[in-house]
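**Student:** This is the feature table in TrEMBL:
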- A:15-233: domain 'Tr-type G' (DOMAIN)
- A:24-31, A:103-107, A:158-161: GTP binding site (BINDING)
- A:Gly462, A:Leu463, A:Ser464, A:Gly465, A:Ala466, A:Gly467, A:Lys468, A:Ser469: ATP binding site (BINDING)
- A:Ser536: active site, phosphoserine intermediate (ACT_SITE)
Amino acid sequence: MDTDAAGCLGEAVSKDQLRFITCGSVDDGKSTLIGRLLHDSKMIYEDQLRALARDSAKHGTTGEDIDFALLVDGLEAEREQRITIDVAYRFFTTPRRSFMVGDTPGHEQYTRNMATGASNAQLAIILIDARKGILVQTKRHSFICSLLGIRHVLLAVNKIDLVDYRRDVFDGIVRDYVAFASALGFKSIVPFPISARYGDNIIYRSGNTDWYHGQSLLDCLETIDIQSETTDLPFRFPVQWVNRPNLDFRGYAGTIASGSIAVGDEIIVAASGRSSRVKRIVTYDGDLAAAEAGDAVTIMLENEIDVSRGDVLAGPTQRPTVADQFAAHLIWMDEEPMVQGRSYAFRIGTQSIASGNVTRIKYKIDVNTGEPPLAATTLGLNEFGFCHVATTLPVSFDPYHVNRRTGSFIVIDRYTNRTVGAGMIDFPLRRASNVAWQPLTIGKQERAGLKQQKPCIIWFTGLSGAGKSTIANIVDQKLFAMSHHTMLLDGDNLRHGLNGDLGFTDADRIENIRRAGEVAKLMLDSGLMVICSFISPYMTERDLVRKLVGKREFVEVFVDTPIDECVRRDPKGLYSRAKSGKIENFTGIGAPFEAPRAPEVHLKTLGQPPEQLADQVLDALAAREIISLT
Amino acid sequence: MNVQNLARLETRTLPRHLRRLEAESIEIMREVVAEFKKPVMLYSVGKDSSVMLHLAVKAFYPAKLPFPLMHIDTTWKFREMITFRDETARRIGIDLIVHVNKDGIARGINPIDSGSALHTQVMKTDALKQALEIYGFDAAFGGARRDEEKSRAKERIFSFRAAGHAWDPRNQRPELWNLFNTRIRQRETMRVFAMSNWTELDIWEYIMLENIPVVPLYFAKQRRVVHRNGTLVMMDDERLPLRPNETPELRTIRFRTLGCYPLSGAIESEATTIEDIVAEMRLTKVSERQGRIIDTDEAASMEKKKREGYF
Ligand SMILES: Nc1nc2c(ncn2[C@@H]2O[C@H](COP(=O)(O)OP(=O)(O)OP(=O)(O)O)[C@@H](O)[C@H]2O)c(=O)[nH]1
Ligand SMILES: [Mg+2]
């Protein structure tokens, strides 16, 4: 028995794993192909086959025959609708290789799930229905594969049984595809005439296509040379976790993203530039002399320099870029569109960036037609754009086309926490080292001290006609009467000057608030009490302003007047114009208002005189010890 | 440790695909510890849990495990599992939490009279939810693998659970590259399947090459069983009532998967070493879950259970 096991392992030591996906248009046979591969490589057990036969009779699309797609379409909804919705990861193994395959959905509405599958694949099988040829989705998926860095394509011309195994059909499709894909930068495109349903040219060459002299699909998967690109790249080590069990041990745990490292090598911390040498490479199985891309290790350094989670260790000569602005390709994955200027959270390697935004969408890419770039200010679900991104802290990265591990990022909605986008960095726009803060000798404290007050921002938010300006004005007068130095910023007034170039689209509203926030902050820094009155309908932007200033300096006042009441008052006649369609994107009518979840002051205005409401604001300021009412 | 094992340790060379899987799992575990406030590892005492625990020890070496283990005990586990569990906790020196749904016991829920579906719901799913809430864990490692079952093949590695612990298959977070979205709000939790991409064969090969202890029930031995519903059920204690026409007999059997003993089907086998098991695995014609009585209760039952908060 021992010799037996040794034998099977002997052959296995060099065995590697290939990760690939199947993609292509709806119903081209992706799931069927995977089911067929699993079945013919004997990965399906008898009890599973019996279950499959039962399922095929109930949900199948293949009449009396077994429907192999049901082996992979595992969700109830998928079986009922007979389509793939989410990626399935399946596994099979042959004596030569072990495989992990992601079956991705063909429907356009699930494109984000296809991109999810592509992000970890080394190779893609792109299927084309022989009867239909290249379709819009074929192009879309090819583009996504290319953008996500897949360099090897197996072009499976499927359902060849339905075109009588004709060579001219096959040759025609291959010719069209190669012409189309020439711009996509694939290293290899290997074509196969196959029938996923009947198994032609999948495991063995088929007698039905005697004109075809190439390999079978599985032969190719087993032997294709996918060089491990990552070991030849410069050393990158994103620090995941600092291991500090006792005072004598401080190690940096992580997985080497690219390149290799040996004990004694010099390293630098990308963001700070500080350098040290590798003292030990620690693993549970003993210390290593050297380690390479893909190894999960713990690195100890010779001297104690400041390193924490999110830092990237690199070699001293070929360093990653450190920048807080970069250009990137972005795919949007959320129903709620991406808006220029809005603040999102980012993950880049092990770096968590609490806040950043897309400052500009340079253009949107029409992946269906490959038409020239389109101008845009938002990206909707499944749309692609080339964008400028700014982050509040500098990040360390490499261009994605050079290094997939250190050039990719995800975008997260700061409120819902959904993963809303994924990006691939192209190049830095401004290196962080160029920007330095001009140090000021006289600061906010000194300036406010001279005025004998505590500076703050009192931010009124609410619908148009809610009473913001009225209440803000009274607050201003009362503070003034108490000898406070104040300044009132009003949305309408700012739109005449500073924000005169902005309209009322989502992007413009966001920019409007961003500028107002920055101005308010400057005034705050000069020691003033700044009263701001802006509809400011989005939670994200209000919070962005809050983040700009100190914790106790921002007082959000929610002027809560029901929409019906605002419409009834309609002091400027705006609601009636909005309702008759003369004004687009009017908050409360054509555009949303996101009420604050936990404002510092919540004013319920119905039936309350403005005077009293203003007093409530002053009470709140007093309670926070910003002013004193005695 | 005998001489043969020692020799194997010294020449330890994992095949490349196992090295990659090992590194990937370690990366995931470190990610959880770096990003969550209070993680826990769900330890089910089976082979996958043995591997998961071994990987965790590697991930945080030389530090001690930065989280406790938790076993959801239905009180119907094989006795040998409980012995093995306690030995393991002692050997590695870790905190072990054992949680039983007391309410379920009080209601007299058991796999024999209540049926496997209700028993699983109350003593596993509900018990797990209870325990997560009692201790306030925000992330829980599970040893489930994608190759086990077709709805698992669709699940993310970081599987987000809203406040009620339910899995929403239509609304999973996209999971690209190795960039995991670990952000959750209060009362939301994450289930983390660090071994998603392992297969059953990978598990056994790894156990063999790494010399990982597993419960002896995985090895063939003469044991007292009855034939029931097309499977062999082991008489682990006196609680299993015999049905008419059932006679216990001694058979040489082992288990491919372990759970509550009345719900785990044994297989007839002569495999007494890990090498034997790996060899048998390569030839077998039935799946691992074949013996599990809980999955076949109804169509799509795993997906349904997961929607209710099951692992
Ligand atoms: N005749 C024939 N039919 C096929 C072949 N491959 C797939 N089919 C059939 O085409 C239909 C769609 O197959 P699927 O595998 O579900 O297609 P898919 O590409 O996975 O579809 P989505 O994932 O929903 O985009 C099924 O009825 C299959 O049986 C083939 O080679 N020949
Ligand atoms: Mg499909």
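Residue 1 is the first one shown; counting continues down the chain.
Glycine is treated like the rest: Cβ placed from N, Cα and C.
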**Student:** List the binding-site residues A:His107, A:Ile160, A:Lys468, A:Ser469 whose Cβ sits under 6 Å from any atom of ligand 2, in sequence order.
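**Tutor:** So the answer is none.
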**Student:** A:Ile160, A:Ala466: which of these binding-site residues has the highest Cβ count within 10 Å of its own Cβ?
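**Tutor:** The residue with the most neighbouring Cβ atoms within 10 Å is A:Ile160.
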**Student:** Compute the centroid of the Cβ atoms of A:Gly462, A:Leu463, A:Ser464, A:Gly465, A:Ala466, A:Gly467, A:Lys468, A:Ser469, then list the same-chain residues not in that set whose Cβ lies within 8 Å of it, in sequence order, for the ATP site.
**Tutor:** A:Ile535, A:Val559, A:Thr561, A:Cys566
**Student:** Within 10 Å of the Cβ of A:Ser464 (ATP binding site), how many other Cβ atoms can you find? Include all protein chains, please.
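**Tutor:** Cβ-Cβ neighbours of A:Ser464 (ATP binding site) within 10 Å number 25.
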**Student:** Looking only at DSSP and grouping its letters into three states, which state does A:Lys468 (ATP binding site) belong to?
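**Tutor:** Its secondary structure by DSSP: helix.
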**Student:** Considering only the recorded positions A:Gly465, A:Ser469, A:Ser536, which residue has the minimal Cα-Cα separation from A:Ile160 (GTP binding site)?
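**Tutor:** Going through A:Gly465, A:Ser469, A:Ser536 one by one, the Cα closest to that of A:Ile160 (GTP binding site) is A:Ser536.
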**Student:** Sort out the sequence-distant neighbours of A:Gly467 (ATP binding site) for me: same chain, 6+ apart, CB within less than 8 Å of its CB, listed by position.
**Tutor:** A:Val559, A:Thr561, A:Thr605, A:Pro610, A:Leu613
**Student:** So if I take the binding-site residues (A:Asp27, A:Lys30, A:Ile160, A:Gly467) and measure from each Cβ to the nearest atom of ligand 1, which come out below 6 Å?
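**Tutor:** From A:Asp27, A:Lys30, A:Ile160, A:Gly467, counting a Cβ under 6 Å from ligand 1 as near, the near ones are A:Asp27, A:Lys30.
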**Student:** Say you check the Cα of A:Leu463 (ATP binding site) against those of the recorded positions A:Gly24, A:Thr104, A:His107, A:Ser536; which is nearest?
**Tutor:** A:Ser536
**Student:** I'd like the Cβ neighbour count for A:His107 (GTP binding site), meaning other Cβ atoms within 10 Å of its Cβ, all protein chains included.
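**Tutor:** Within a 10 Å radius of the Cβ of A:His107 (GTP binding site) lie 16 other Cβ atoms.
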**Student:** At the Cα level, what's the spacing in Å between A:Ser536 (active site, phosphoserine intermediate) and A:Gly24 (GTP binding site), rounded?
**Tutor:** 44
**Student:** Using Cβ-Cβ distances, find the residues under 8 Å from A:Lys468 (ATP binding site) that belong to the same chain and are at least 6 apart in sequence, listing them in sequence order.
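**Tutor:** In sequence order, the residues whose Cβ lies under 8 Å from that of A:Lys468 (ATP binding site) (at least 6 apart) are A:Phe460, A:Thr461, A:Gly462, A:Ser533, A:Phe534, A:Ile535, A:Val559.
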**Student:** Do any residues at least six apart in sequence from A:Gly24 (GTP binding site), in the same chain, have a Cβ closer than 8 Å to its Cβ, and if so which, in order?
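**Tutor:** Residues satisfying the criterion: A:Lys30, A:Gly106, A:Ile126, A:Leu127, A:Ile128, A:Gln137, A:Thr138, A:His141, A:Ala156.
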**Student:** On the 0 to 100 pLDDT scale, where does the domain 'Tr-type G' (A:15-233) sit on average?
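**Tutor:** When the pLDDT values over the domain 'Tr-type G' (A:15-233) are averaged, the result is 90.
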